[in-house]
């Protein structure tokens, strides 16, 4: 075949013989090879099969050249001949019962248009030629399961198609859309039929490679079809319908399998699951959500459900790869700016009823289902302890992260929308001729605060659910660790944002353009309520038997009193600012810390907690050091007198209490 091809190509380039002569000689060479193959069939079956394969490839080669390059035969005749050659090759492959004939005669014919291409770009002819070859493989698949043949044809067909789609397809060419979508659908249906035909007729069970090809075929058709429909003038409105049509197609196959009781039950579950995947996917697609992450997540849930519920290990193994793809894709979606989800030309997005929210909701549901299945059914895999341990931790972790993002992203998008809508242009107060522009940056502070409030609420509810329902010690420890991190973020970043909102309210900066009201101040007390809820649920862990943390109560008490001192110090500064006090904070903070140390001493004696009393003494010592080396530098004589007298009185009270209750103190049990 290669010799004839190279010789024909040489004759063409050097104009040695006329076009008609070239074609006739090519057919004669093929007929001679075919006759020789048939003569040797009885005694040399394998050799005969190879010769016959080469003869059929030559026939494809010459027919393609006669039509495409020389126009010696019309299109109908060329395709009629190719159909005849395909049928003959199929019959010969079945008679010989050898896949090599199909490989040489059908798959080998894929090289013909590439070898003879003149760069004319008549891709419709190429795809039609490939479709005829694939139809021949479909006929073979009804009676033979030659997987290597299917793999080769599948890979070559989609490789050629995707290469053309990526490099040559353009919306500006009117004929390209019809060619692209028509042959996309044709290739999809042919390979769908090839992958199902033998299994359904022979009632055989699907293997891992069959499922992979089936899913790849469905994903390529949907993904490329989605991109093509988007190119239409009103294509955005048809994407949901296209998704539902995919569901309807798979539903038809599922009904066929169910009614005729064909193949294994897992295939029916796979088809039925694909129906649910595409029906579920239609909603965020129609609402312009990011569908790729959801498609992978739903397919992972489908395969994991089949694998666990039916005990099929390779379905479960396939689901792991899709889980990783889905998680990586959703992280990319979440990392995008909230403004990217706004409809074009708008600065707001409809709360809850939008594609981004539904995407995360369904993603959360998919991983929630897999987390439940992981607990409900034993693993189908054996000898994969590390992987299963990662699954026990990873699935709930991704589920909780997605659940948090579900409303967290809505809050971020809400404030981002207000921020984008706040853009104005105004004239400078200092230079009347200068026009400035900007946004209301207080809205970003509100977004930061409300994200912290939401995080505090989420972790509080997680703690309550764990304490009352789940009762998991590992989850409780993770919950406490996250609570500690969030507490640090609130005390450092949250209180700073609240202070900046207060300063904006008091200064009235940009008040003539934006609202500067009591909400700038009152929001801090909403935040304190959320913080109090998180601290309360965290403290409840000390009293739950499954956590076994009762011995750490003294340390928890010290942490709680430390947080309270931090909040009180912030409140003192806040109200001094609100009152317009001209005094520095140093004096007030020293008195507050001294009084607080006294309160801790009283509580330590009353509760008989040595650690609390030691903490109070340390706090008082820090207050005195602060007083001597920092506070008195800028204080006048009267202020110094008041500070020293006040702290002296506090020291006397502390000393008195120690002497009065020393019997109680020194008789207390050590803890």
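Note that Cβ sites are derived from N, Cα and C of the backbone, with glycine treated the same way.
Just so it is clear, the model here is predicted, and its values are computed rather than measured.
The feature transmembrane segment is assigned by TrEMBL to 20-38, 45-67, 100-117, 123-142, 177-198, 210-229, 241-258, 267-285, 352-373, 393-415, 445-465, 587-606 (among others).
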In the same chain, which residue numbers or ranges, 6 or more beyond the ends of the transmembrane segment (177-198), come under 8 angstroms Cβ to Cβ?
123-124, 127, 130-131, 134-135, 137-138, 141-145, 150, 153-154, 157-158, 161, 165, 169, 171, 204, 210, 213-214, 217-218, 220-221, 224-225, 228, 231-232, 253
Taking a Cβ cut-off under 8 Å, which residues six or more beyond the ends of the transmembrane segment (393-415) line up next to it in the same chain?
323, 327, 330, 334, 338, 341, 349, 351-352, 356-357, 360-361, 363-364, 367-368, 370-371, 374, 443-444, 446-447, 450-451, 454-455, 458, 462, 475
Under 8 Å Cβ-Cβ from the transmembrane segment (352-373), and at least six residues away from its ends along the same chain, one finds 280, 283-285, 287-291, 293-294, 297-298, 300-301, 304-305, 308-309, 319, 323, 326, 330, 333-334, 341, 395-396, 398-399, 402-403, 405-406, 409-410, 413
